[in-house]
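Visitor: Dropping the structure in here first, questions after.
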Amino acid sequence: MAHFEEVSKQSDLHPKPAGLVLQYGTAGFRTSANKLDHIMFRMGLLATLRSKKTKATIGVMVTASHNPEEDNGVKLIDPMGEMLTSSWEDYATQLANTKQDELLTTLKDIIKKEAIDMSREANVFVGKDTRSSSASLSQAVLDGVKALGGHNYGLVTTPQLHYMVCCQNTQGKYGEATVEGYYRKLSQAFSQLAKNASNRTDDQKHLSVDGANGIGAIKVREMESHLKKHMQLSVFNDGSRGKLNHKCGADFVKVQQELPTGIKINPGDRCCSFDGDADRIVYYYTDSQGDFHLLDGDKIATLISTFLKELLNEAGLDLKIAVVQTAYANGSSTHYLEKTMKVIVKCTKTGVKHLHHAAQEFDIGVYFEANGHGTVLFSDGAEEKIQQLANDANINDERKKAAFLLQNTINIINQTVGDAISDMLLIEAILAIKGMTVQQWDAIYSDLPNRQLKVKVSDRRVIDTTDAERRAVTPAGLQEAIDDLVKKYQKARSFVRPSGTEDVVRVYAEADTQESADALAHEVSLAVYGLAGGVGDEPKPLH
Ligand code: 16G
Ligand code: MG
């Protein structure tokens, strides 16, 4: 058939380096940008097949998120704006690794297995971040979808692309499938919510944003004019000078627990950082002693779920709300949510898709990774009940107001995926409505001191985990060793897991003091080094 000849011809322009093997992991493919041209082309092909198969528009985002500027990556977005379904992740890996002269055979195998009708139309939305390599790599994706209805959105945040794919496939029910439509939907909801805040000073409306020198900075600037009356933004690390993710951005701030470079703030100022593709956000401030205070994904989940629970009470709606976390959630947050807030807390494996799926099981599922990736999902039934209540003429003013706030909360949230801009607007609206400062939000509970370390081993797959990664099943003796070490400390907890994005084993420890958390993390690292085939120098104590 004609298009296979075209695939062959085009594929020769995007040859696969011999011997290179890559895997479609938790965040798609990600490695140095110079190894990715053939991957991009092939993902263009796969997205086309996925589109024909699902009879819907598929997204392809070119980004390596919080990785260094030199890296790049690609991930596919399924019809409702969710991550690519896992059975197709295997096809992605197969297609990426198949030899140049076997590409057509692999492609035809997938077509046959999935019984894809090749005469169907295909629609693919392609987006990219601000990396210098993203322009040519997204062109390679477009070469893969060429002549099959590809639509190039150019520079967008990852969540904007998820949003537009969902809008397109719901025939506009979720919103208009344009960046402008996204700004309008979110900013209108924000204005409606902000109207319910008592008079705020300009200082209270002010927020400093660290854009990680990436796409989020550009997009939040574009959105600024829509927000004028209710918000005052200062954008730092906007890409005009600094390097992407270099000493800035959500990942840097969370891991280093310090201010990003290039930000100028006063004690008590409210600040937030996005990551390189704006699907993560963390908040922070410094106090009068100059000490740094981080409000991570756990604090964000707590703020949002408290707000929603109060609104449900006021509205008199009986909807089940849950918070989904991973093993990295600070023990204090889990304790507060379960014991004080009395909400259901569920723990899943690391990786957004696991949290997303778990959150779908509840009427309202608030999910956040500690690293700041998260959103809120409302079931169709929950949305309907809220809608009905908002339209009910026979309810009192308190219930009416709560229903109105819930309605606009639904509209401000990007339910397709965690979204730094949408999360930021929701957090700002909640703080405004509650008349809360960032310090008061921080004081809801105190984080347990914690430490994360990495250990290099010869093969990280020797570590197998269970119970949402909280316990190691192999190698033999490792979990027992961890249990014994944890017993030595107060309020302590520790777990290890193989990273899905780096060739290391990650170690997490928390305890009542920073010294204890550091010591426990070090001792557990030594146990991993000794029992799981550590390579290089033995881990050294932190102090
Ligand atoms: C990926 C995941 C992120 C997770 C991180 C863990 C997505 C979109 N991203 O970046 O959710 O926290 O991996 O990395 O799922 P690790 O496996 O190296 O610890
Ligand atoms: Mg990201």
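One is the number of the first residue shown, and numbering goes on along the chain from there.
Every residue gets a Cβ built from N, Cα and C, even glycine.
TrEMBL: automatically predicted annotations, no manual curation.
Okay, so TrEMBL annotates it like this:
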ACT_SITE  SER65  active site, phosphoserine intermediate
BINDING   SER65, ASP275, ASP277, ASP279  Mg(2+) binding site
BINDING   GLU369, ALA370, ASN371, ARG497, PRO498, SER499, GLY500, THR501, ARG506  substrate binding site
DOMAIN    52-97  domain 'Alpha-D-phosphohexomutase alpha/beta/alpha'
DOMAIN    177-282  domain 'Phosphoacetylglucosamine mutase AMG1'
DOMAIN    296-435  domain 'Phosphoacetylglucosamine mutase AMG1'
Visitor: Checking the binding-site residues GLU369, PRO498, GLY500, ARG506, which are within 10 Å of ASP275 (Mg(2+) binding site) at the Cα level?
Guide: none
Visitor: Does any of ASP275, ASP277, ASP279, PRO498 have a Cβ within less than 6 Å of an atom of ligand 1? These are the binding-site residues; tell me which, or none.
Guide: none
Visitor: With DSSP, how much of the domain 'Phosphoacetylglucosamine mutase AMG1' (177-282) is helix, how much strand and how much coil, in residues?
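Guide: Per DSSP, the residues of the domain 'Phosphoacetylglucosamine mutase AMG1' (177-282) fall into 40 helix, 16 strand, 50 coil.
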Visitor: Out of SER65, GLU369, ASN371, the recorded positions in the record, which is closest to ASP279 (Mg(2+) binding site) when you go by Cα distance?
Guide: SER65
Visitor: Would you identify the secondary structure of the residue listed as 'active site, phosphoserine intermediate' according to DSSP, in three states?
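Guide: SS state of the residue listed as 'active site, phosphoserine intermediate' = coil.
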Visitor: Please tell me which one of the binding-site residues listed here (ASP277, ASN371, PRO498, GLY500, ARG506) sits closest to SER65 (active site, phosphoserine intermediate), measuring Cα to Cα?
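Guide: Closest by Cα distance to SER65 (active site, phosphoserine intermediate) among the binding-site residues ASP277, ASN371, PRO498, GLY500, ARG506: ASP277.
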Visitor: How many other Cβ atoms sit within 10 Å of the Cβ of GLY500 (substrate binding site)?
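Guide: By my count, 14.
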Visitor: Of all the recorded positions given, SER65, ASN371, which has the fewest Cβ neighbours within 10 Å once its own Cβ is left out?
Guide: ASN371
Visitor: Among residues GLU369, ALA370, ASN371, ARG497, PRO498, SER499, GLY500, THR501, ARG506 annotated as binding substrate, what is the maximum Cα-Cα distance? Answer in Å.
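Guide: Across GLU369, ALA370, ASN371, ARG497, PRO498, SER499, GLY500, THR501, ARG506, the widest Cα separation comes out at 17 Å.
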Visitor: Please list, in sequence order, the residues in the chain of ARG506 (substrate binding site) that are at least six apart in sequence and whose C-beta is under 8 Å away from its C-beta.
Guide: GLN452, LEU453, LYS454, VAL496, ARG497, PRO498, SER499
Visitor: Compile a sequence-ordered list of residues in the same chain as ASP277 (Mg(2+) binding site), six or more apart from it, whose Cβ lies below 8 A from its Cβ; state 'none' when nothing qualifies.
Guide: MET61, THR63, SER65, ASP129, THR157, THR158, GLY214, ILE215, GLY216
Visitor: Is it possible to get the count of other C-beta atoms within 10 angstroms of the C-beta of PRO498 (substrate binding site)?
Guide: 20
Visitor: I'd like to verify something. Among the binding-site residues ASP275, GLU369, ARG506, which ones have a C-beta closer than 6 angstroms to some atom of ligand 2?
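Guide: Cβ under 6 Å from ligand 2: ASP275.
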Visitor: In sequence order, what residues of the same chain, 6+ apart, have a Cβ less than 8 Å from the Cβ of GLU369 (substrate binding site)?
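Guide: In sequence order, GLY297, GLN325, THR326, TYR328, THR350, VAL352, LEU355 meet the Cβ cut-off.
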